[in-house]
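A.B. asks: Here you go, one structure.
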């Protein structure tokens with residue numbers, strides 16, 4: 001008799017401890033999963049699961065290529081990228097493609113090439129996905145043992161982990177090679193307002209690179225998000241790439257130690273939960289990085305950070321009122337503190353007013369005006385350059401505070417424009433998606449642990465409480 005639900009609904013997780021189960025196909029009867037449960041039907045069909053993953057990669061790369069070309073088609077060179085709702089072109093520009101001094105776009109052809117290459121790649125991946133999903137072998141273990149696996153085979157799993165780590169390491173080194181040999185990357189700190197340059201003097205000192213990991217995440221410390229020069233970023237990628245590649249080789253050559261065999265759950269769903277947990281961490285870190293860091297995410301392309309827009313406003317009005325005759329060094333604000341300048345808790349001269357909370361901002365347009373004790377009064381009086389005024393006035397009206405209906409900037413700012421900052425989009429999306437992935441991690445970890453411990457999985461469908469309740473209609 002065909003039941004609407006399967007008694008083996010949660011059975012798949014148990015297959016590790018029961019080698020007798022042979023899956024006949026991809027229907028609910030044989031797998032315990034309906035069509036909408038997606039890849040759960042393919043847990044023991046390595047060939048079909050490969051097809052699903054390759055097809056998924058094809059969709060991802062297709063989106064990248066199509067969205068890339070969409071942004072190129074809509075791009076207006078006269079407007080800054082962050083006013084145009086772009087999220088892909090800023091990444092390409094940061095890598096040094098198509099831009100010149102000050103972050104000005106001088107050539108959109110590299111962006112077009114990037115989009116076309118991704119589209120072509122997606123076609124190859126799409127074909128591979130369809131082939132393995134429909135035509136290729138259901139399982140790889142017999143015909144292609146190198147690509148086959150059994151989820152509970154701990155040695156094979158760490159070998160696969162090692163291969164992934166090596167690929168990640170190669171990815172890190174691709175950025176290093178781009179910065180060192182293939183035209184360089186965009187440096188927002190280059191003198192005169194940012195430029196593309198080759199990174200020649202890498203930071204390889206372990207005390208500096210790993211010092212970032214030991215910093216506090218709060219305030220002026222800012223953990224790894226506080227990195228503010230490209231030498232450290234590219235040097236960090238050398239370290240990271242090396243660690244990933246060496247760790248990958250280690251995991252390929254070794255078998256898991258006894259403590260790891262005991263401590264971890266060795267099932268497909270457990271690996272899924274570990275991966276989701278890692279991606280959640282990545283999402284939360286990426287959120288903080290794109291929101292606060294204006295070196296890895298230059299303000300020329302992504303718009304100013306929140307603290308940067310706030311400090312820019314204070315600077316803009318300091319410039320205006322100083323021209324009108326105000327003595328910015330001694331003017332008193334409504335609270336009795338300095339109106340334009342005041343001292344930080346540690347004694348540096350900082351901007352006064354509400355922006356005092358952002359006193360540890362560092363930005364390329366502001367740093368030339370600092371001395372050994374914070375902002376230098378004589379420089380503020382004599383050395384402010386027109387490009388600094390222009391940059392700060394522009395950033396002041398482009399605070400990353402937009403709402404979904406595109407009323408951008410500070411709500412009370414009469415010069416604000418209809419705009420939502422890419423920083424807002426990227427930070428919010430990565431936080432929200434990171435949170436979803438974290439919930440998925442908890443869900444799948446709980447199921448994997450329950451299966452490993454032999455708990456009852458799910459409620460008994462024959463005596464479900466809802467069956468004894470009055471129908472809604």
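Every residue, even glycine, has its Cβ placed from backbone N, Cα and C.
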A.B. asks: Among the residue ranges 46-67, 112-133, 134-155, 156-177, I'd like the one that Swiss-Prot describes as transmembrane segment.
C.D. replies: 134-155
A.B. asks: Quick check on the annotations: Swiss-Prot lists transmembrane segment for one of 291-312, 313-334, 335-356, 357-378. Which range is it?
C.D. replies: 291-312
A.B. asks: May I ask you to indicate which of 69-93, 219-243 is given in Swiss-Prot as transmembrane segment?
C.D. replies: 69-93
A.B. asks: Take the C-beta pairs under 8 A between the transmembrane segment (134-155) and each of 69-93, 178-200, 255-275. Which stretch has the highest count?
C.D. replies: 255-275
A.B. asks: With every protein chain in view, how many other Cβ atoms are within 10 Å of the Cβ of residue 367 ([CaMn4O5] cluster binding site)?
C.D. replies: 11
